[in-house]
Structure formats: C-alpha cells, structure tokens
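According to Swiss-Prot:
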SIGNAL    1-26  signal peptide
REGION    58-116  region 'Disordered'
COMPBIAS  67-102  compositional bias 'Basic and acidic residues'
COILED    69-118  coiled coil
MOD_RES   GLU71  4-carboxyglutamate
MOD_RES   GLU75  4-carboxyglutamate
MOD_RES   GLU84  4-carboxyglutamate
MOD_RES   GLU88  4-carboxyglutamate
MOD_RES   GLU91  4-carboxyglutamate
MOD_RES   GLU96  4-carboxyglutamate
MOD_RES   GLU102  4-carboxyglutamate
MOD_RES   GLU103  4-carboxyglutamate
MOD_RES   GLU107  4-carboxyglutamate
MOD_RES   GLU110  4-carboxyglutamate
MOD_RES   GLU114  4-carboxyglutamate
MOD_RES   GLU117  4-carboxyglutamate
Amino acid sequence: MKRNQVLFLTCAAAVVFLAVLHVGESAAVRSKDDPAPDKKESLKSKIFMQGSEASNFFKKRGKRSPKSQDEINAENRQRLSADERRREYYEEQRNEFENHVEEEQDEQEERSREQIEQWRQWHYDGLSPSYLYQRQNI
C-alpha cells in the first residue's frame, strides 16, 4: 500500500508542477494589443543588421590598410566639388563688391559734375560764352 501512496503522491506532484509551468508560460505570453512587440522589433533591429549593411561590414578596411581606388576617387570628387563651390562663392562676392564700388564711383562723379555745373552757372558773368559752348570735341 505504501507503494501506491508514493506513486500517487509523485503523480500528483507532477500534475501540480506541470500546471504551474503551464500557468507560468501563459502569463509570459503577451496579448495582441500590448505595445511590447514593438519593443521586441526595435531590439531585433538593434541586434541584427540590414542585408546591405551586412554585406559591407566585412568589406570595410582597417585603419592602416591602403585605400581602394574607388575611395580615393570619391574623396577627390568631394574635394574638387568643394573647391568649385568655394571658387564660385568668392567670385560672386568679388563681383558684388566690384558692382558696388562702380555704383559708388558713378554716384560720386554725378554729384561732382552737378556741383561743378552749379558753380559755373552761379559764376557766369554773361559776357563770355558759357562753358557749354566752349567744350572741345575730342
């Protein structure tokens, strides 16, 4: 009889143990409207790379290894385009400054011409012909 009791207690303990494990697993499963799968996906994206990144991962060179011709060409293209942009910028600035200086000189000439003309009109005595008629055609 003792043997039957031990067998019964062992089976009962196993059933209780399996029931506890089943409840534990079902509690670990999340419901569908839970936002946790998004976290799982973001964690997955942090751990795993995209295919394009993974293919380039092993192609990356070390710090001391020589550059490939493609890298050298790409760097030269970037350098040349930066130089061209810088050249265009400074040329534009120089043209704007030259235009500004030219306008200032034209305004100054206009003002001085007006002042000279006013002075001549004020000092004209009426006896000799006016300055306008004394201009020499070159």
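Glycine too: its Cβ is placed from the backbone N, Cα and C atoms.
Annotated features, which come from Swiss-Prot, shown on the structure.
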{"residue": "GLU75", "record": "4-carboxyglutamate", "DSSP class": "helix"}
{"residue": "GLU88", "record": "4-carboxyglutamate", "DSSP class": "helix"}
{"residue": "GLU96", "record": "4-carboxyglutamate", "DSSP class": "helix"}
{"residue": "GLU102", "record": "4-carboxyglutamate", "DSSP class": "helix"}
{"residue": "GLU107", "record": "4-carboxyglutamate", "DSSP class": "helix"}
{"residue": "GLU114", "record": "4-carboxyglutamate", "DSSP class": "helix"}
Worksheet entry | Local confidence of the coiled coil (69-118) - pLDDT mean | 95
